[in-house]
């Protein structure tokens, strides 16, 4: 389903109605309010998710401080960057050049060397004699992965050379652990219908799980890491942290690269800390966490989500916008899923659809402050887009919020009526209700460049948003559906398939994992950008899917985070690399 833009008809001019509000005033098209404390006398009959308080309080955020000061290392960092650029020119061997590009990217340094990486890949893509031999499995697989990852048109037919006369991959390949690992990673960038890559994935995963003998410990570590989750599915900033530590263990590491990666990670971490402090103050001033006690207060978790989706340091404004959106989505989701009655939710959905401050008059007290927070924050975001890029984005932002609330109300009606949707019916609504289109839509207009509206209706863009959101939804369902159904929520994808196909939960879970694989294939086809300016959105779409795997890999990392989730937050936001 393509996102359709509304005809711009929204006006910032409204006649406010201060009904039952203590204070109401406009500030730059924004309404600030304090509402009388909501009554909880009607708690009887309302559901509860029993969410625990966040592991992170404002004191943790405000005391975040890194000893690392980039200004103290500026000249050294410039020298290291010069060393790396010189190295990229010095290396002549095509395989070594590709390995260097791969290492730079995995260390989290790709954004610093975009121009140089593009030059290398252009040379490789246009050279008909990149390799004198096509028998090097590692080289062929690495070339395929890098080119496809960067949007070049590349065929997987080269892998047929590694098959025997019976049509299967040669058993002799099992001795080449490095090549097998490269093929395994490359297989996760497949498109639908690329059977050879499906076969490659099955072949490599089976044999890599069974490796034994005297194997290089660093290579073995990489194999186990990839089998746990392939690189293409991993949250890239956490992956950079892991790879920096792993690269340190390699005998052939380049000292300049290793040093630069640590300095860059620490430098970017200080940017994240500054942004998180600003977001924490915004959330505290907004007051929703205190007013709506039934909802999840997950500001740090939302910021962690955001850094996974938009991690390049230059997109600080976009991270701020997306953090606000993520926390509002989390709150409104709890209004629909946990607290609101069907009658109240119908009113709230109508109010969002109208996008008029007067629509608040019909809402109960707890919804007024929620609606006003949504209205104000969205208008603030739109004001920045108008001021910085000259774009009136209100019609589009209103559209994605309305679509989200309408998808929520569909699920609320299903729950109220005891209706069990088919899997297809559920997913057609659920890829919207997971809020991926809201997140990516806001991100698109916050990258700091003038983005054309019509690009959001390109088939490639619509497909990216849908399949990224679908992966998000299915990963969420695998981790959270049991708890949500136990508290009386609408059946999720697992339960829908169980009812429809008459299978066990275990079989249904395997089917959902299969759907995730298929969604990745469809999304991989979006790697080729129709226009260059869409690249930040393409990156964000893929990173949204990666964050879904990260957050829901070991349970509900958003609603009920565990010690592993806590450790990940600390690694990304609080623990810099130490220098001797």
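The first residue you see is number 1, and the count goes up from there.
Placement of Cβ uses the backbone N, Cα and C atoms for every residue, glycine included.
The model shown is predicted, which means the values in this text are computed figures rather than measured ones.
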From 333-337, 338-342, 343-347, 348-352, the residue range that Swiss-Prot assigns the feature motif 'DDXXD motif': 333-337
Which of 291, 296, 509 belongs with 333, 337, 473, 476 in the (2E)-geranyl diphosphate site listed by Swiss-Prot: 296
Inter-residue Cα distance where the pair is residue 480 (Mg(2+) 3 binding site) and residue 473 ((2E)-geranyl diphosphate binding site), in Å: 10
Protein Cβ atoms within 10 Å of residue 296 ((2E)-geranyl diphosphate binding site), excluding its own: 23
For residue 337 ((2E)-geranyl diphosphate binding site), the number of other Cβ atoms found within 10 Å of its own Cβ: 22
Residue 333 ((2E)-geranyl diphosphate binding site) - helix vs strand vs coil (DSSP): helix
(2E)-geranyl diphosphate site span - longest C-alpha distance across 296, 333, 337, 473, 476, in Å: 19
